[in-house]
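In TrEMBL this protein carries:
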- 55-96: repeat 'WD' (REPEAT)
- 96-137: repeat 'WD' (REPEAT)
- 139-180: repeat 'WD' (REPEAT)
- 262-294: repeat 'WD' (REPEAT)
């Protein structure tokens with residue numbers, strides 16, 4: 001009997017959800033932050049999607065959001081020309097970092113001491129969070145707006161993707177460009193997997209995997225539709241992707257075979273990420289919702305309760321879950 005994927009729907013946002021990120025696993029579980037054009041990033045319990053709080057203070061669309069590993073701090077990038085750092089426990093704004101243009105991306109170092117930002121002024125900035133009054137270090141080189149910037153190689157290097165159709169690898173100490181990848185079209189997303197130093201990028205209908213240290217190509221996979229985001233499972237068995245046809249696709253990483261596809265959103269999928277334990281993946285869409293999807297459909301986890309077929313009575317033999325198909329979190 002085929003199991004039916006039953007995503008958890010997280011409502012609350014009023015505009016498209018454009019970015020999301022998970023924390024690491026903490027003593028209190030793991031957490032999920034979402035960036036939305038409504039200007040109100042939200043924090044949720046990662047395994048259930050339950051709303052914890054909303055970070056209030058931005059005066060424009062929020063394009064990027066991230067949590068530090070232990071979910072004590074959040075950072076957001078917004079159209080109000082600021083990046084903000086928040087106390088993720090109290091929800092209070094800790095810092096507001098003024099920029100000269102729209103900010104698109106934020107990333108903490110592993111030790112939480114520095115924040116990397118990038119955006120429409122084409123510059124990468126590194127802020128010392130222990131001395132926020134100091135001028136940030138600036139790295140120039142991109143010729144168009146920066147979409148995503150990440151720390152890699154134990155924070156010794158930086159990866160950045162921009163509208164200039166390039167991904168660039170930078171040395172943090174010399175602040176010089178190490179290598180550049182050039183594409184025929186703009187890169188739509190970039191994910192860094194520290195375990196194995198893998199870079200997952202999407203452009204057009206292509207999902208590509210690179211070695212993050214050498215920027216040498218590992219493999220590419222073609223999807224049925226233009227893809228906006230992809231994420232590799234922590235154990236690297238498979239990866240998921242979402243894009244313009246409203247669907248989520250799951251592929252086998254080694255064979256590149258399409259395993260599953262699900263439609264749940266009512267608009268293009270802008271972002272998708274696996275949870276740190278790999279048990280679920282989250283997607284954010286133009287439709288204003290986040291959805292949580294099970295990696296192993298039918299497993300008891302979070303709000304999903306598996307009912308074995310022999311436990312089902314005749315009156316509910318069609319229903320494999322004790323929950324309703326559209327679960328609101």
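Cβ coordinates come from backbone N, Cα and C, glycine included.
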*Folded-back contacts onto the repeat 'WD' (139-180), same chain, C-beta under 8 angstroms, at least six residues removed*: 64, 102, 104-105, 107-111, 114, 116-126, 186-190, 192, 194, 197, 199, 201, 212-215
*With a Cβ cut-off under 8 Å, give me the same-chain residues at least six positions beyond the ends of the repeat 'WD' (262-294) that come close to it.*
5-11, 13-25, 30, 32, 34, 36, 38, 44, 46-49, 189, 191, 228-235, 240-248, 301-302, 304, 329
*For the repeat 'WD' (262-294), what does DSSP give as the number of helix, strand and coil residues?*
0 helix, 19 strand, 14 coil
